[in-house]
Amino acid sequence: MAMTDVLSAEDIKKAVGAFSAAESFNYKKFFEMVGLKNKSPEDVKKVFHILDKDRSGFIEEDELKFVLKGFTPDGRDLSDKETKALMAAGDKDGDGKIGADEFATMVAES
């Protein structure tokens, strides 16, 4: 499954482009711009599984660094600071990774 099976290619391009500058990533604005906030819980889970590159059932910090590339190959890598902020926002139980339910909560709160 590709990200464009769930989200509009145009929305992805705009959202990734809006955060192309270093240290500019804001997950709340990004999820809204990319159209994820208005998707069904099933679609949010589909996006989660696309971002879970190693199929572990979790998005770990090393996968978060490349989250924009999960939406489009020409997305930039997040900085360590942005990655840690995103992990802190999503990792509600403090286990160092984001599960599907935590991801859904993070999207819903954006």
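Placed from the backbone N, Cα and C atoms, the Cβ positions cover glycine too.
These features come from TrEMBL:
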- ASP52, ASP54, SER56, PHE58, GLU63: Ca(2+) 1 binding site (BINDING)
- ASP91, ASP93, ASP95, LYS97, GLU102: Ca(2+) 2 binding site (BINDING)
- 39-74: domain 'EF-hand' (DOMAIN)
- 78-110: domain 'EF-hand' (DOMAIN)
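Positions of TrEMBL features highlighted on the structure.
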{"residue": "ASP52", "record": "Ca(2+) 1 binding site", "Cβ contacts under 8 Å, 6 or more apart": "PHE58, ILE59, GLU63"}
{"residue": "ASP54", "record": "Ca(2+) 1 binding site", "Cβ contacts under 8 Å, 6 or more apart": "GLU60, GLU63"}
{"residue": "SER56", "record": "Ca(2+) 1 binding site", "Cβ contacts under 8 Å, 6 or more apart": "LYS97"}
{"residue": "ASP91", "record": "Ca(2+) 2 binding site", "Cβ contacts under 8 Å, 6 or more apart": "LYS97, ILE98, GLU102"}
{"residue": "ASP93", "record": "Ca(2+) 2 binding site", "Cβ contacts under 8 Å, 6 or more apart": "GLY99, GLU102"}
{"residue": "ASP95", "record": "Ca(2+) 2 binding site", "Cβ contacts under 8 Å, 6 or more apart": "none"}
Original post:
What parts of the chain pack near the domain 'EF-hand' (78-110), using Cβ distances under 8 Å and only residues at least 6 beyond its ends?
Top reply: 22-23, 25, 27-32, 36-37, 41, 44-45, 47-49, 51, 56-61, 64-68
**OP:** Report the residues of the chain - excluding ASP52, ASP54, SER56, PHE58, GLU63 - with C-beta within 8 Å of the mean position of the site's C-beta atoms, for the recorded Ca(2+) 1 site, in sequence order.
**Re:** LEU51, LYS53, ARG55, GLY57, ILE59, GLU60, LYS97
Original post:
What counts of helix, strand and coil residues does DSSP assign across the domain 'EF-hand' (78-110)?
Top reply: 20 helix, 3 strand, 10 coil
**OP:** Sort the residues of the domain 'EF-hand' (39-74) into helix, strand and coil with DSSP and give the three counts.
**Re:** 20 helix, 3 strand, 13 coil
